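Per TrEMBL, the features are as follows:
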TRANSMEM  6-30  transmembrane segment
TRANSMEM  42-60  transmembrane segment
TRANSMEM  66-87  transmembrane segment
TRANSMEM  151-172  transmembrane segment
TRANSMEM  192-208  transmembrane segment
TRANSMEM  228-247  transmembrane segment
TRANSMEM  259-278  transmembrane segment
Amino acid sequence: IMWDPVFASSLAGYASFACWVIVFAPQLFINYKRKNGDGLSMTFLVIWLAGDLFNLAGVVMQDLLVTMFILALWYTVADMGLIWQVVHYRKINKRLREEVVVDTDTDDLQTCGSREERMSTETDPLIEQTGSISRFIESLSIEEKEISTTVLNLVGGSSVILLILGSCYAYYSVHLKTPKDPEDGMPEQMLSVFPQILGWLSAILYVGSRIPQIIKNTKKKSTDGLSLGMFMCAVMGNVFFTLSIFLRSTDRHYLLINLPWIIGSSGTLVFDFMVCTYV
């Protein structure tokens, strides 16, 4: 049986993709079940998303493996979804807390009113007018919040669709222009400065993104709201991702081009294991 490095690399790449497809599912389910996303550090998520965007741009411009492009696109879309969920539940919980405060104030007013039923009825019209104005202002506030939520959902959904379409078009365009190796028909990769800068920025952000989450766990002395499944899948996804690069080729020039992505995936393993020990 002849060893096919392209097939082996693709197999490892799709195994990594399978891990990353489900990597956000456990955390999304926990957030949905708890109706709360505060178990995750927003700083961690924002840094992770920034790393995703740099990663995606670098992969497209450097014309790396198609599995790397699919993964980069999935990272970005899934992370945007997770951030949306955290923001969404924070807005809902804030609204619920405000409604509880309003209900409490209303009960207090009703209690005061019942104690002073014997007061002069000359002030009744003024009280009714004030109450009507308060209810009107409250209804306007609720409508504004609902509109704000709708706009947020529309902007988020449109951004995801534009990101997917734009990224696919850009990758396809770059891939067609890249000269092919006459031996195996694969693209001849050239070391480009700007994509490499994006790759290294992505690697730094990926590795650094875990630090806020570890700090948050240490301060809280708790991992409530975190999914062990999420980080275990992330570990396996990074392992297969790194393997997909090495299985494709061990040529020095090839590894040099892919070095930022190797560091970005393998470098996070240490921090992911640290997070897993807390969960």
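Even glycines carry a Cβ here, placed using N, Cα and C.
Counting Cβ pairs closer than 8 Å to the transmembrane segment (6-30), the top stretch among 151-172, 228-247, 259-278 is 228-247. If you look at the transmembrane segment (66-87), the same-chain residues 6 or more away from its ends with a CB under 8 A from one of its CBs are 9-10, 13-14, 16-17, 20-21, 23-24, 27-28, 31-32, 37-38, 40, 42, 45-46, 48-49, 52-53, 55-56, 59-60, 152, 156, 159-160, 163-164, 167-168, 171, 175, 237, 241, 244-245, 261.
Counting Cβ pairs under 8 Å to the transmembrane segment (192-208), the stretch among 42-60, 151-172, 228-247 with the most such contacts is 42-60.
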